[in-house]
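Engineer: Would you mind keeping the following structure in view while I ask a few things?
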Amino acid sequence: MKRRAYISEVPFDEAGSDDRNIYLTFDDGPNPHCTGQILDVLAEHRVPATFFVLGGHVKDHPDLVRRVAAEGHLVANHTMTHPDLTACDSEAIEREIKETNEAIVSACPQVAVQHIRRYGAWNADVLSRSMNAGLRPVHWSIDPRDWSRPGVDSIVDAVLAAARPGAIVLLHDGCPPDEIGNCKLTGLRDQTLSALLAIIPALHSRGFSLRSLPQ
(Lines of atoms letter the chains of each structure in order from A and count residues from 1; the text may use other names and numbers.)
(Lines give C-alpha, C1' and ligand atoms only; values in the text may rest on other atoms or scores of the structure.)
Protein backbone atom coordinates (compact mmCIF):
# COMPACT_ATOMS: atom_id res chain seq x y z
CA MET A 1 0.00 0.00 0.00
CA LYS A 2 1.50 3.32 -1.06
CA ARG A 3 1.14 5.16 2.24
CA ARG A 4 3.21 2.45 3.97
CA ALA A 5 5.79 2.08 1.23
CA TYR A 6 8.63 3.04 3.55
CA ILE A 7 7.22 1.86 6.85
CA SER A 8 10.02 -0.66 7.35
CA GLU A 9 12.35 2.31 7.69
CA VAL A 10 10.36 3.88 10.53
CA PRO A 11 12.08 2.81 13.75
CA PHE A 12 9.07 3.39 15.97
CA ASP A 13 6.14 1.27 14.80
CA GLU A 14 5.95 -0.35 18.22
CA ALA A 15 7.68 0.67 21.42
CA GLY A 16 9.20 -2.62 22.52
CA SER A 17 7.56 -5.61 24.14
CA ASP A 18 9.77 -6.30 27.16
CA ASP A 19 7.06 -4.95 29.46
CA ARG A 20 3.28 -5.04 29.16
CA ASN A 21 3.08 -1.40 28.12
CA ILE A 22 0.65 0.06 25.60
CA TYR A 23 0.93 3.63 24.32
CA LEU A 24 -2.14 5.78 23.70
CA THR A 25 -1.51 8.56 21.19
CA PHE A 26 -3.78 11.35 19.96
CA ASP A 27 -3.50 13.23 16.65
CA ASP A 28 -4.90 16.48 15.19
CA GLY A 29 -5.36 18.55 18.35
CA PRO A 30 -5.48 20.58 20.37
CA ASN A 31 -9.18 21.23 19.93
CA PRO A 32 -11.33 23.09 22.47
CA HIS A 33 -14.27 20.76 21.80
CA CYS A 34 -12.32 17.54 22.37
CA THR A 35 -8.92 17.79 24.02
CA GLY A 36 -10.07 18.91 27.45
CA GLN A 37 -12.53 16.02 27.70
CA ILE A 38 -9.86 13.53 26.68
CA LEU A 39 -7.54 15.00 29.31
CA ASP A 40 -10.26 14.67 31.95
CA VAL A 41 -10.63 10.94 31.24
CA LEU A 42 -6.88 10.37 31.28
CA ALA A 43 -6.61 12.24 34.58
CA GLU A 44 -9.45 10.23 36.10
CA HIS A 45 -7.61 7.00 35.30
CA ARG A 46 -4.12 8.43 35.93
CA VAL A 47 -3.01 7.47 32.44
CA PRO A 48 -0.28 9.38 30.58
CA ALA A 49 -0.46 9.64 26.79
CA THR A 50 1.23 11.29 23.83
CA PHE A 51 -0.40 14.14 21.90
CA PHE A 52 0.76 14.76 18.33
CA VAL A 53 -0.29 18.38 17.90
CA LEU A 54 -0.74 20.54 14.81
CA GLY A 55 1.27 23.75 14.96
CA GLY A 56 -1.59 25.88 13.66
CA HIS A 57 -3.90 24.57 16.37
CA VAL A 58 -1.20 25.14 18.97
CA LYS A 59 -1.04 28.80 18.01
CA ASP A 60 -4.82 29.07 18.31
CA HIS A 61 -5.06 27.18 21.62
CA PRO A 62 -1.77 27.48 23.53
CA ASP A 63 -3.60 27.08 26.83
CA LEU A 64 -4.63 23.55 25.88
CA VAL A 65 -1.09 22.58 24.97
CA ARG A 66 0.10 23.94 28.29
CA ARG A 67 -2.51 21.82 30.03
CA VAL A 68 -1.42 18.71 28.11
CA ALA A 69 2.16 19.24 29.26
CA ALA A 70 1.24 20.29 32.80
CA GLU A 71 -0.75 17.09 33.32
CA GLY A 72 2.26 14.95 32.49
CA HIS A 73 1.58 14.00 28.88
CA LEU A 74 4.08 14.05 26.05
CA VAL A 75 3.70 16.74 23.37
CA ALA A 76 4.88 15.73 19.89
CA ASN A 77 5.04 17.17 16.37
CA HIS A 78 2.20 16.50 13.89
CA THR A 79 3.31 19.21 11.42
CA MET A 80 2.03 22.74 11.04
CA THR A 81 -0.78 22.38 8.49
CA HIS A 82 -1.30 18.59 8.12
CA PRO A 83 0.09 18.04 4.59
CA ASP A 84 1.24 14.73 3.19
CA LEU A 85 4.95 15.35 3.70
CA THR A 86 5.89 12.78 1.06
CA ALA A 87 4.26 15.09 -1.51
CA CYS A 88 6.21 18.15 -0.28
CA ASP A 89 9.59 19.40 -1.42
CA SER A 90 12.48 19.45 1.04
CA GLU A 91 12.04 23.11 1.94
CA ALA A 92 8.37 22.61 2.77
CA ILE A 93 9.12 19.53 4.87
CA GLU A 94 11.66 21.43 6.93
CA ARG A 95 9.30 24.39 7.32
CA GLU A 96 6.42 22.20 8.53
CA ILE A 97 8.66 20.52 11.09
CA LYS A 98 10.46 23.64 12.28
CA GLU A 99 7.40 25.88 12.61
CA THR A 100 5.53 23.25 14.60
CA ASN A 101 8.42 22.81 17.01
CA GLU A 102 8.58 26.58 17.41
CA ALA A 103 4.84 26.83 18.09
CA ILE A 104 5.05 24.13 20.75
CA VAL A 105 8.04 25.67 22.49
CA SER A 106 6.46 29.12 22.33
CA ALA A 107 3.41 27.78 24.16
CA CYS A 108 5.39 25.51 26.49
CA PRO A 109 9.04 26.58 26.82
CA GLN A 110 9.75 23.62 29.10
CA VAL A 111 8.76 21.04 26.46
CA ALA A 112 11.49 19.24 24.54
CA VAL A 113 9.85 17.95 21.35
CA GLN A 114 11.26 14.53 20.50
CA HIS A 115 8.75 12.72 18.27
CA ILE A 116 6.99 13.33 14.96
CA ARG A 117 4.15 11.61 13.13
CA ARG A 118 2.29 12.57 9.99
CA TYR A 119 -0.18 10.57 7.88
CA GLY A 120 1.68 7.29 8.27
CA ALA A 121 3.34 8.24 4.98
CA TRP A 122 7.13 8.27 5.02
CA ASN A 123 9.93 8.42 2.50
CA ALA A 124 13.68 8.83 2.82
CA ASP A 125 13.53 12.64 2.65
CA VAL A 126 10.85 12.95 5.34
CA LEU A 127 12.64 10.50 7.60
CA SER A 128 16.05 12.13 7.23
CA ARG A 129 14.76 15.67 7.73
CA SER A 130 12.74 14.59 10.75
CA MET A 131 15.74 12.95 12.33
CA ASN A 132 18.00 15.87 11.41
CA ALA A 133 15.61 18.04 13.42
CA GLY A 134 16.16 15.75 16.40
CA LEU A 135 12.77 14.06 16.07
CA ARG A 136 12.07 10.35 16.21
CA PRO A 137 9.56 9.23 13.55
CA VAL A 138 6.60 7.37 15.03
CA HIS A 139 3.99 5.22 13.31
CA TRP A 140 1.31 3.10 15.00
CA SER A 141 0.36 -0.54 15.32
CA ILE A 142 -3.35 -0.20 16.19
CA ASP A 143 -5.65 2.05 14.16
CA PRO A 144 -9.37 1.79 15.07
CA ARG A 145 -10.15 4.57 12.56
CA ASP A 146 -11.93 6.57 15.23
CA TRP A 147 -11.72 9.66 13.00
CA SER A 148 -14.34 8.06 10.73
CA ARG A 149 -16.81 7.67 13.62
CA PRO A 150 -17.40 3.93 13.07
CA GLY A 151 -19.23 3.54 16.38
CA VAL A 152 -17.99 3.22 19.95
CA ASP A 153 -18.09 -0.59 19.96
CA SER A 154 -16.09 -0.73 16.74
CA ILE A 155 -13.35 1.46 18.20
CA VAL A 156 -13.20 -0.51 21.44
CA ASP A 157 -13.22 -3.90 19.71
CA ALA A 158 -10.46 -2.89 17.26
CA VAL A 159 -8.15 -1.76 20.05
CA LEU A 160 -8.76 -4.72 22.34
CA ALA A 161 -8.48 -7.28 19.53
CA ALA A 162 -5.02 -6.02 18.57
CA ALA A 163 -3.71 -5.17 22.04
CA ARG A 164 -0.24 -6.54 22.69
CA PRO A 165 2.87 -5.40 24.57
CA GLY A 166 4.49 -2.41 22.91
CA ALA A 167 1.46 -1.49 20.80
CA ILE A 168 1.00 2.15 19.79
CA VAL A 169 -2.68 3.08 19.53
CA LEU A 170 -3.73 5.83 17.12
CA LEU A 171 -6.65 8.00 18.29
CA HIS A 172 -7.74 11.58 17.58
CA ASP A 173 -8.60 14.60 19.72
CA GLY A 174 -9.30 17.03 16.88
CA CYS A 175 -9.42 17.33 13.11
CA PRO A 176 -7.10 18.77 10.45
CA PRO A 177 -7.39 22.47 9.61
CA ASP A 178 -8.64 21.79 6.08
CA GLU A 179 -11.51 19.71 7.47
CA ILE A 180 -12.70 22.00 10.26
CA GLY A 181 -15.29 23.66 8.03
CA ASN A 182 -16.84 20.26 7.34
CA CYS A 183 -16.66 19.00 10.93
CA LYS A 184 -19.41 19.06 13.50
CA LEU A 185 -17.25 20.52 16.25
CA THR A 186 -19.58 19.84 19.16
CA GLY A 187 -19.36 16.10 19.76
CA LEU A 188 -16.62 15.78 17.15
CA ARG A 189 -14.79 13.05 19.07
CA ASP A 190 -17.58 11.86 21.35
CA GLN A 191 -17.14 8.29 20.07
CA THR A 192 -13.43 8.41 20.85
CA LEU A 193 -14.18 9.73 24.32
CA SER A 194 -16.77 7.04 25.06
CA ALA A 195 -14.48 4.35 23.66
CA LEU A 196 -11.63 5.55 25.84
CA LEU A 197 -13.81 5.12 28.93
CA ALA A 198 -14.08 1.43 28.04
CA ILE A 199 -10.61 0.84 26.60
CA ILE A 200 -8.59 2.03 29.58
CA PRO A 201 -10.15 -0.24 32.25
CA ALA A 202 -10.27 -3.15 29.81
CA LEU A 203 -6.54 -2.89 29.10
CA HIS A 204 -5.77 -2.50 32.80
CA SER A 205 -7.83 -5.62 33.55
CA ARG A 206 -5.65 -7.54 31.07
CA GLY A 207 -2.53 -6.51 32.93
CA PHE A 208 -1.35 -3.78 30.57
CA SER A 209 0.17 -0.51 31.73
CA LEU A 210 -0.59 2.62 29.71
CA ARG A 211 2.30 4.99 29.12
CA SER A 212 3.39 7.98 27.08
CA LEU A 213 6.00 7.13 24.45
CA PRO A 214 9.54 6.53 25.72
CA GLN A 215 11.81 9.54 25.45
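Count begins at 1; order follows the chain as displayed.
Note: Cβ is positioned from N, Cα and C throughout, glycine not excepted.
It should be emphasised that the depicted structure is a prediction, and the values quoted were computed from it without experimental measurement.
Look at Swiss-Prot and you will find Asp27 tagged as active site, proton acceptor. Annotation comment: Swiss-Prot describes His78, His82 as divalent metal cation binding site, evidence class similarity to another entry. What Swiss-Prot lists as domain 'NodB homology' is 20-211. The annotation site 'Raises pKa of active site His' is assigned in Swiss-Prot to Asp146 on the grounds of similarity to another entry.
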Engineer: Indicate the candidate from His78, His82 with the smallest number of other Cβ atoms within 10 Å of its Cβ, considering only these binding-site residues.
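Structural biologist: Each of the binding-site residues His78, His82 was scored by Cβ atoms within 10 Å; lowest is His82.
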Engineer: Determine, from DSSP, whether Asp146 (site 'Raises pKa of active site His') sits in helix, strand or coil.
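Structural biologist: Once the DSSP labels are grouped into three classes, Asp146 (site 'Raises pKa of active site His') ends up as helix.
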Engineer: CA-CA, which of the recorded positions Asp27, His78, His82 lies nearest Asp146 (site 'Raises pKa of active site His')?
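Structural biologist: Its closest listed neighbour, by Cα, is Asp27.
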Engineer: Below 8 Å Cβ to Cβ and six or more residues apart, same chain only. Which residues does that give for Asp27 (active site, proton acceptor)?
Structural biologist: Phe52, His78, Arg117, Leu170, Leu171, His172, Asp173, Gly174
Engineer: Counting across all protein chains present, how many other Cβ atoms fall within 10 Å of the Cβ of Asp146 (site 'Raises pKa of active site His')?
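Structural biologist: A 10 Å sphere around the Cβ of Asp146 (site 'Raises pKa of active site His') contains 27 other Cβ atoms.
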Engineer: In this predicted model, what is the average pLDDT of the domain 'NodB homology' (20-211)?
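Structural biologist: Value for the domain 'NodB homology' (20-211), mean pLDDT as a whole number: 93.
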Engineer: Quick check: in three-state DSSP terms, what is the residue listed as 'active site, proton acceptor'?
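Structural biologist: In three-state terms, the residue listed as 'active site, proton acceptor' counts as strand.
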Engineer: Helix, strand or coil for His78 (divalent metal cation binding site)? Use DSSP.
Structural biologist: coil
